[in-house]
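Report on the structure given below.
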Amino acid sequence: MSQASNIESVLVENRVFPPDARAQQGARISGMAAYDALCAEAAKDPDAFWARLARENLSWTRPFTRTLDESNAPFYQWFGDGELNASANCLDKHMGTPVEHKTAIVFEADDGSVTTISYRELLTRVSQFANALKAEGIQKGDRVIVYMPMTIEGVIAMQACARIGATHSVVFGGFSAKALQERIIDAGAVAVITANYQLRGGKELPLKAIVDDGIAMGGCESIKSVLVYERTLSDWKRVEGRDKTFTEALNASEGQDECVPEPVGAEHPLFILYTSGSTGKPKGVQHATGGYLLWAKLTMDWTFDLRPDDVFWCTADIGWITGHTYVAYGPLAAGATQVIFEGIPTFPHAGRFWQMIEKHKVSIFYTAPTAIRSLIKAAESDEKVHPKNWDLSSLRILGSVGEPINPEAWMWYHRNIGHEKCPIVDTFWQTETGGHVITPLPGATPLVPGSCTLPLPGIAAAIVDETGKDLPNGAGGMLVIKRPWPSMIRTIWNDPERFKKSYFPEEMGGTIYLAGDGAVRSEDRGYFRITGRIDDVLNVSGHRLGTMEIESALVAKTDLVAEAAVVGRPDDVTGEAVCAFVVLKRGRPTSDEESMKLAAELRAWVAKEIGPIAKPKDIRFGENLPKTRSGKIMRRLLRSIAKGEAITQDTSTLENPAILEQLGKAY
Ligand code: WT7
C-alpha cells in the first residue's frame with residue numbers, strides 16, 4: 001500500500017483497539033466496569049471520594065478534616081487544614097519498605113554513560129542539598145529559580161526546595177537571559193540553582209553565563225545566591241560573594257545528611273511554572289502541595305498502571321510541566337524506577353530512544369507526538385535507525401502528550417514501537433491541570449487513534465458553547481471542566497485577576513474551568529478529540545508559545561521592525577510552526593538575498609529574546625499588514641496566507657491589495 005492510501009485508510013477507519021488480556025490482567029483499573037464504578041463513586045460523593053484517595057495515597061503530618069473548600073471560588077482549596085511535605089512523600093515514605101534500596105533513577109548522560117541512584121541514596125543527596133539551601137538562608141515560602149540540565153541534580157534541586165518548603169520555579173534550559181530575568185522578577189526569587197553548562201547532542205551549552213546575563217539586565221536585586229552545579233570541567237565566571245559551587249554549598253552545611261522535612265499546609269505553593277498565555281506576559285501557574293502531589297501519584301497508578309517492576313521513562317524536560325509531574329514528583333511518589341536522559345533523541349543517531357529502551361528494559365515509555373513524527377521520518381530515510389534494530393519487548397505501555405497525536409503517527413507508534421501489544425495512552429492535560437485529565441486507561445479503555453478518549457474519574461469535562469451551555473456529541477465547542485479537582489491551578493502568581501479572567505469566564509458563571517482548547521466528542525462513544533487552542537497560543541513541538549509574546553519580541557527590535565503579527569500554521573513534524581508577518585521601518589527588502597539576511601537576523605533576535613524554540617519558521621515581509629477599516633489586523637487572512645491556502649476572505653476593505661502578493665513569499 002502506498003503511504004498516501006495508508007494514511008487515508010487510517011483517517012476514515014475509526015478503528016477501535018480494545019485492551020488485550022495482557023493489558024487488562026492485574027491492571028489497577030481493569031475493564032470499563034471498574035472505570036465506571038470509580039466515576040460513579042466520584043459523582044455520588046466527590047468529597048468522600050477525594051478524601052479517601054488523599055488519605056490512601058499521601059502521608060500527612062497533620063490529617064486534613066476539610067476536603068474541598070469552595071467558599072472563595074474560583075480560588076478553590078483542597079485538604080486546606082492538612083499538613084504534609086512533598087519530598088517526604090516522594091522519599092522518606094519509602095524508607096523501611098522494599099522501595100528503600102530500589103533504583104530510583106537510571107541516569108543516561110548525553111555521552112551514553114549511566115549512573116544509578118537508589119531511593120535511600122536519593123534521600124541522602126536531597127537532604128544534604130536541602131541543608132545547603134538552608135545554610136544559604138533560604139526559608140520556607142522563598143522562591144527559588146531552577147535553571148538546570150536534565151540530570152539527577154536537577155531533580156535533587158526541586159526536591160530539596162520542596163523539602164524546606166521553598167517554592168521552586170523551574171525555567172527550561174532553552175530559555176533566554178531575558179526570559180529568565182522576567183521570571184526572577186515576577187517570582188521575586190532569592191536564589192538561582194543552575195549548572196555551569198549543559199550537554200546536549202555532544203555540545204556544551206552555557207547556563208551559568210545566561211544566568212549572569214539575565215541578572216545583569218536589572219531588577220533582580222532579590223537574588224542573594226547562585227548555586228552552580230559543575231556539570232563539566234569547563235571554566236565559568238564567578239561573581240564573588242554571590243556564587244557558590246554545589247560542593248562549596250554542601251561544605252557550608254558540613255555535608256549534614258539528614259534534614260527533617262518541613263511540614264507545610266496542603267495549599268502551600270509547591271511551585272510556580274511559567275507558561276504562555278494570550279498576552280505578551282507569561283503566566284506564573286501556581287500549584288498547591290497536597291492536591292498536586294495526590295494527582296501526580298494517582299495518575300502514575302491510573303494512567304500508567306504502575307507496577308513494582310516497571311521501568312518508567314518520560315522523555316520530557318524538567319523545565320516543562322510534564323517533567324515536573326512525571327519526572328520530578330509522580331514516579332518518586334509512586335516508588336517507580338525511572339530513566340532520566342540528558343541528551344537529545346537524534347544524537348549520536350536517531351535510534352537513540354529505541355536503543356535506550358532496549359538497554360534499560362523500559363516498560364512504560366512516555367513521549368511527545370513531535371518526537372515520534374521526527375523519528376518516523378528518520379527511520380524511513382535510514383534503515384539503521386529504524387526501531388526494528390532494537391529489542392523493544394520490555395515495553396508494556398506507551399504514552400503520548402503535548403499535542404494531538406495524528407492517527408498516522410499513532411499507528412506507527414502502535415506497530416513499530418508497541419508491536420501491536422502495548423496500549424497507547426494519549427494523555428490530554430495542561431500546565432494548569434497539574435496532571436492528566438482526559439486519557440485512556442491502559443487496562444480498560446478501548447482506544448481510538450487520535451482521541452484522548454474519556455475523562456479520569458472525578459473530572460467533569462464537557463464541551464460547551466460561549467455561554468457555558470452543553471453541546472451534544474458531534475458538535476465542536478469549548479472544552480471545560482465543570483467541577484474543581486485537586487491538582488488544578490490555584491492562581492496566577494501575582495495576578496489573581498488574570499487567573500479569574502483567563503480560566504473562569506463570567507459568561508459561564510465564573511466557576512467553570514475553561515481549558516482554552518476546542519474539542520468535540522464522538523457520536524458513538526462520547527470520546528473526546530482535541531481540535532486545538534482557541535486562544536492566541538501556539539503549540540510547537542508540544543511547547544506552548546504565545547503569538548503576542550513573539551510579536552512583542554519582534555517589535556522590540558526597534559532599529560528594524562515597525563510592526564509584526566504572528567500566527568501558526570500546520571507543520572508535519574512540529575505540529576504547528578510559527579509564522580511571522582513583518583513590516584520593516586526601512587521598507588520592504590528589495591531582493592531575496594536581503595530578505596534572507598533580515599530573516600536570519602530576526603530569528604536570532606527572537607532566540608535571544610525568548611529562546612530558540614520561539615524562532616519563526618517562516619518570515620514574510622510586507623510594506624503593511626492586511627487590516628480592516630477599523631485598523632484590526634486580519635488574522636484569519638494571515639492564517640490562510642501562512643498555510644498557503646487560496647484566499648476566500650473578503651479583501652475588498654484592504655487599503656493596499658498589493659500586500660497580499662508581497663506576503664506570498666516566506667523566508
Ligand atoms: C496544551 C497544554 C500536557 C503537558 C504538556 C503540554 C495541548 C496537551 C494533548 C493531547 C491534544 C494536547 C493542548 C493543551 N495538549 N496534551 N494529548 N492531545 N492536545 O502542557 O504546555 O501546558 O500545553 O497542549 O492544546 O491546552 P502545556
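Using the three backbone atoms N, Cα and C, a Cβ is placed for every residue, glycine included.
In the record from TrEMBL, residues GLY402, GLU403, PRO404, ASP426, THR427, PHE428, TRP429, GLN430, THR431, ASP517, ARG533 bind ATP; the candidate from ARG415, ARG498, ARG544 listed for the same site is ARG544. ARG533 (ATP binding site) and VAL561 (Mg(2+) binding site) have their C-alpha atoms 28 Å apart, to the nearest angstrom. Candidate recorded positions: ARG200, GLY201, GLY202, SER541, VAL555, LYS632. Not one of them has a Cβ under 6 Å from ligand 1.
Maximum C-alpha to C-alpha distance over the listed CoA-binding residues ARG200, GLY201, GLY202, LYS203, THR322, SER541 is 24 Å. Helix first, then strand, then coil: DSSP counts for the domain 'AMP-binding enzyme C-terminal' (549-632) stand at 28 helix, 26 strand, 30 coil. Listed in sequence order, ILE321, VAL401, GLY435, HIS436, VAL437, ILE438, THR439 are the same-chain residues six or more apart from TRP429 (ATP binding site) with CB atoms under 8 A from its CB. Cα distances from PRO404 (ATP binding site) to the recorded positions GLY201, GLY202, THR322, VAL561, LYS632 are smallest for THR322. The binding-site residues shown are ARG200, GLY202, SER541, VAL561; of these, the one with its CA atom nearest the CA of LYS632 (N6-acetyllysine) is VAL561. The candidate set comprises the binding-site residues THR322, THR431, SER541. Of these, THR322 has the most other Cβ atoms within 10 Å. The Cβ neighbour count for LYS203 (CoA binding site), using a 10 Å radius over every protein chain in view, is 11.
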